[in-house]
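Here's the structure we're looking at; comments come further down.
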Amino acid sequence: MSGKTKRLMVMAAGTGGHVFPGLAVAHHLMAQGWQVRWLGTADRMEASLVPQHGIEIDFIKISGLRGKGLMAQLTAPIRIYRAVRQAQKIMRDYQPNVVLGMGGYVSGPGGLAAWLCGVPVVLHEQNGIAGLTNRWLARIAKKVLQAFPGAFPNADVVGNPVRTDVLALPLPAVRLSGREGPIRVLVIGGSQGARILNQTLPLVAASLGEQITLWHQVGKGALPEVSQAYQQAGQAGHLVVEFIDDMAAAYAWADVVVCRSGALTVSEVAAAGLPAIFVPFQHKDRQQYWNALPLEKAGAAKIIEQPQFTATSVSSLLASWDRATLLSMAERARSVAIPDATERVAAEVVAASKSA
């Protein structure tokens, strides 16, 4: 890169849905010669994960208010003010050309601090419905981007940056054509409210028998209980694991996936080109429902709300899908994916830095 090295500050905290897309954009711009630092919180996943990617991280002290008591609500303005001041000092020391907000509690104080320091803010909303922080930050952002249509009325739809190994998977027609035998069902539980999946899928396995084979990620600490449930159902032959390290390999193996519909999961399922049964987490603003809806509308997935997610409903749905149907759904999933999301977000960061 000619001239002075451009500097980016990425704001992303709390969950993989915020942090992993931020890392994808960071690595893309670092490969172009950019210097990148991270703004996060010291007690969440980014604190250990981001340095593993060769990126220095700064911390501010901030947490969410949802579900907190009255005292936390009353002291919130003071804590937010302090977090903004912390972020301002970090911005002044680092002097970024642009700040990229990818979500999490850190984005509110960080985005305001950037604006107060005269640094352009590019905002990316991962979910199909915008959270409170991003709705507020959109008023001061230089550019607002969204992964799914509908979060903001006039924002560009750029998708969610996903891992390169998922993007590199063969297309559905190559991967799925000619497959025989039981339908391969990938079950992704683990983080947010996976108990319903862990309770229901052993019963589905018992109902469908040799029609399906499962690879089931159950999440931390749940392996003994779920393994026992499969054994009691007479279905001990399925692969039941606590965590899947290589999700690209799991997607490549699968014919269909059963999972929650967090923003990054939905984007990965589309990029992989997989049919899905989505079970949205029961959040009051129905964020995960809106994430999954574009794939259902495209004929690539079915949404089953948690109260209706029973062994009977899931078994009936899986039994109704033959391999030709699954291939058609897989191709529709891939058709609505945005495989160059990382490049699109990075391009907006570059554009914002030039107009600063």
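The backbone N, Cα and C atoms fix where each Cβ goes, and this holds for glycine too.
Within the same chain, the residues at least 6 positions away from Val266 (UDP-N-acetyl-alpha-D-glucosamine binding site) whose Cβ sits under 8 Å from its Cβ are Asn160, Phe278, Asn291, Ala292, Leu295, listed in sequence order. The UDP-N-acetyl-alpha-D-glucosamine binding site annotation in Swiss-Prot covers Thr15, Gly16, Gly17, Asn127, Arg163, Ser191, Ile244, Ala263, Leu264, Thr265, Val266, Ser267, Glu268, Gln288.
Candidate binding-site residues: Ile244, Leu264. Fewest other C-beta atoms within 10 angstroms, Ile244.
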